[in-house]
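S.K.: There's a structure below that I have some questions on.
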């Protein structure tokens, strides 16, 4: 019931949104719809985990062995929560952004929300694939229509990259389907596959699925679409992409790859981990050299997501729980970063750090809020990311799945140090130093941005100080996945 | 049988209708009535009502697979005439004759989908081809149209010669000297070099007819030169019907020697996918792009020929429906455009939002994006090959080619939505035209969200053969 509502509400309100011919109404409609979705998600978090309200399963394609099966467990709940929280915040934070034919913009945003929520709640592989693509199409139109100057080329690159990955995943899913004993796409049947597929088959089918997820996250060396797309997309869409959409890749590995092909996952664990670590350090180094704020945040995102992927392959209780929590935290934090970037770009018409400076004296409210978000990005204690990254690192460090756990931890730590370097450099460049002609007439943030950033800061501190609720929410899901991932 | 009789008779009716009336609307209405009758007659055949009993001496065999193929062909033709019938008037003065020729083609289609001997296959293919040569050259004052017609005729005649040679070889290879395809099974006929030679010649000539690489060279020129209305007809209805015949031939006649010829089909499929998709990328004209895209789509349909299992047969029917409807829709819009290049579509979304939106759905379907019929069509093709357990490289190659196809399909979408221009149609399209396009788009989406509506029928019918 609840997961169906989570898909239906944004889908229907998105479709209706195309017919609202006024910017104001469309914006209000989108906010209203996203708030209703949030309320339903909170209801889902509140009810008992065994409640039938959290499941739905109706006939869809009996001849193909696929059903419209959706369900919410700890893993999908925390990601649905992230999606449901992010969208109202995005709408509030970009309330003053102007779009041509805004009704189409908001309608497509809602459709992408429907696709994302569908990905997270689907418990049928074919349905999952459906939503995986459905989330992509609106984003393609959003970026190509309302993005920056090089938007068409950048978006196209993004689309082709992810589409290649998706199609390979489709082949993988079809192959797995034919090897399920009961010819079914259901998650339960997929989780039983480990007993029927030989180890050697597991090792190559792994890549069919993993490439799709790796492109989405993105993991080095498949990340090259990401900075361009983030830079060229309208900020609201960039927020969706980086806060939620990259989590689709992480989620895909946790739900549809690691438990389905545990041997393949274990066998390639070290290879993937090395790629993750290279990506983390590499992206951090590039982020240090960026002058463009959007590109800086984009590269920092690659580094952070790389750490999550690393922890999945560590196959460890605290690491797995860390991934789930950190997905949420990273989404919230990067949302905060984007809100600041959007503000700066709108006020000064530039995103170049070198052209900015001295904002702290002119916009103290903004400066305080940004510093908190930035510290969370660096994972300082008392912020939410500290909880997440602590679990991640402890998971990687104590991992028994790999013999290189110490090396991995040490090198990954390096990227955390680098992340402090570029984040603090950015704060310095933008907020301190001398004001120039451009930043002289800066005004402080207004109500809508204050609300959005305020909510984010409250969440950052709350989870940082009292992480128990999110830990409890994800515990069972992490245990369950780990029993399925047992490679011995 | 109903379909063969009705289409032949109505072809003659159409020819004479040109004598009794000069009203173009009247002629078009007669054609629409004929097509409705054809669809109903074919459906009556499926549920067991026959207009008359003709002893065909087992030369034709009316099974559900063939009749379903007919139904898709006739239904698509009906939609096609409703959408683009008006545009045929612009080709030349002989509207009644054009319709007559289309009905004759449909008569050939009805034979090709239900043949039981190689002779009938040959007859059917010829009955399809000869009217098409004329239709290609219908625009008599246009040099390109004449050239296309001649080229098509020469190449077509050549491939027909190969087909005849193949049939003769197979005739010689059978023990008793027979054309019946059931007698070609290995129990009755040994797989000798003569047999294989005949089989390969048939494979080549059929591959020519469905424009599979490397026998596709006629396709871009003919599709480009022919009047656009008739290109739409050739690229969709004719092509998929011949595919139904192609599958039928290889399933019924050569099904048990599959492992001997499978590798040839795999190579042809890979070549077709590669050449069709890669060449389409470089086209400047949407019409030519669609010609190459039809080659690429044929590559996907060849996967069904490779697999030849239940999934493949269900899939080819679904593919035929999804591909025909989407392509007919795009061509219907293309015909109305002033400029056939990609630039001609610039800014169409602002001028004609309905046309652009429906076109987008058709293009997404051709690219195989979920929520459209094209996704399940491709899904079936891929899973039919995966089900055989071999040729996984071809499946992966096919999806990579499908990713390439996104490039040229999305170029049209980009032009319509994200580029500025006056993407103008020749005349303001009427409400009926727009309404029909929306109906087509709805069919495509229904096939993509709930294909059970069609598939449920299919599997029931095909497995109870």
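Using N, Cα and C of the backbone, Cβ positions are placed for all residues, glycine too.
Remember, predicted model here, so these are calculated numbers, not experimental data.
Residues or ranges marked as domain 'NADH:quinone oxidoreductase/Mrp antiporter transmembrane' by TrEMBL: B:117-398. Residues or ranges marked as transmembrane segment in TrEMBL: B:6-23, B:64-83, B:95-112, B:150-174, B:194-217, B:229-249, B:261-282, B:289-310, B:316-335, B:355-379, B:391-410, B:431-450 (among others).
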S.K.: Counting only pairs 6 or more apart in sequence, are there at least 3 Cβ pairs under 8 Å between the transmembrane segment (B:150-174) and the transmembrane segment (B:194-217)?
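M.R.: Counting Cβ pairs under 8 Å, at least 3, so yes.
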S.K.: Among B:95-112, B:194-217, B:261-282, B:316-335, which stretch has the most Cβ pairs under 8 Å to the transmembrane segment (B:64-83)?
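M.R.: Against the transmembrane segment (B:64-83), the leading stretch is B:316-335.
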S.K.: To the transmembrane segment (B:391-410), which of B:289-310, B:355-379, B:431-450 is linked by the most Cβ pairs under 8 Å?
M.R.: B:289-310
S.K.: With a cut-off of 8 Å between Cβ atoms, can you find at least three pairs linking the transmembrane segment (B:194-217) to the transmembrane segment (B:289-310)? Only pairs 6 or more residues apart in sequence count.
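M.R.: Yes, the transmembrane segment (B:194-217) and the transmembrane segment (B:289-310) are in contact.
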S.K.: Sort out the residues at least 6 away from either end of the transmembrane segment (B:355-379), same chain, that have Cβ-Cβ distances under 8 Å to it, and list them.
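M.R.: For the transmembrane segment (B:355-379), the list is 293, 297, 300, 315, 318-319, 321-323, 325-327, 329-330, 333, 336, 348-349, 402, 405-406, 409-410, 412-413, 416-417, 425, 429, 434, 437-438, 440-441, 443-449, 451, 455.
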S.K.: So which of B:95-112, B:229-249, B:261-282, B:316-335 is most in touch with the transmembrane segment (B:289-310), counting Cβ pairs under 8 Å?
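M.R.: Ranked by Cβ pairs under 8 Å, first place goes to B:261-282.
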S.K.: What else in the chain is close to the transmembrane segment (B:316-335), if you only count residues 6 or more beyond its ends and a Cβ gap under 8 Å?
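M.R.: The answer is 65, 68-69, 72-73, 76, 79-80, 83-84, 87, 228-229, 231-232, 235-237, 240-241, 243-244, 247, 286-287, 290, 294, 297, 300-301, 304, 355, 358-359, 361-363, 365-366, 372-374, 376-378, 380-381, 433, 437, 440-441, 443-444, 447, 451, 454-455, 458.
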